[in-house]
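Peer 1: Shown below is the structure under consideration.
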Amino acid sequence: MADQLTEEQIAEFKEAFSLFDKDGDGTITTKELGTVMRSLGQNPTEAELQDMINEVDADGNGTIDFPEFLTMMARKMKDTDSEEEILEAFKVFDKDGNGFISAAELRHIMTNLGEKLTDEEVDEMIREADIDGDGQINYEEFVKMMMSK
């Protein structure tokens with residue numbers, strides 16, 4: 001399944017993997033997974049984290065290595081995000097709940113994820129998704145952006 005990914009996708013997933021793999025040892029533990037999920041505003045229990053890891057932990061060693069992570073991402077991409085998941089993600093970004101994602105909100109989330117973006121990079125992301133040109137991302141634009149990746 002992971003063999004259907006492009007080199008660009010694999011490179012992106014490698015970057016994402018290293019955001020999760022805080023100590024850089026090549027594996028993601030429940031602790032590391034929990035840290036990332038909490039930075040996204042989720043609050044998973046230890047049992048939920050363990051379930052998530054068990055789901056993709058092919059060799060049963062209790063952690064996720066990069067090949068296992070790739071398999072998980074390839075699977076996730078196949079069953080494209082449901083409308084509900086996209087709405088949940090939108091709500092995470094839309095901190096003040098006004099129905100729009102501003103540059104400040106986008107910057108805040110990306111920084112929490114460990115992505116240190118310049119103002120230019122954040123503005124570029126907004127520009128790419130901002131179809132009506134109002135300088136922020138509404139739900140419809142967010143859905144289009146999520147579906148096109």
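Yeah, the Cβs are placed from backbone N, Cα and C, and that goes for glycine too.
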Peer 1: In Swiss-Prot, the residues Asp94, Asp96, Asn98 are said to bind Ca(2+) 3. Which of Glu85, Glu105 is said to bind at that same site?
Peer 2: Glu105
Peer 1: Can you name the far-off residues of the same chain, 6+ from the ends of the domain 'EF-hand 4' (117-149), with a Cβ under 8 Å from a Cβ of it?
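Peer 2: Same-chain residues near the domain 'EF-hand 4' (117-149) but 6 or more away: 80-81, 83, 86-87, 89-90, 93, 99-103, 106-107, 110-111.
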Peer 1: 10 Å Cβ neighbour count around Asp94 (Ca(2+) 3 binding site)?
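Peer 2: Step by step: centre on the Cβ of Asp94 (Ca(2+) 3 binding site), count other Cβ atoms within 10 Å, giving 21.
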Peer 1: For the C-alpha pair, I'd like the distance in angstrom between Asp25 (Ca(2+) 1 binding site) and Thr63 (Ca(2+) 2 binding site), rounded off.
Peer 2: 11
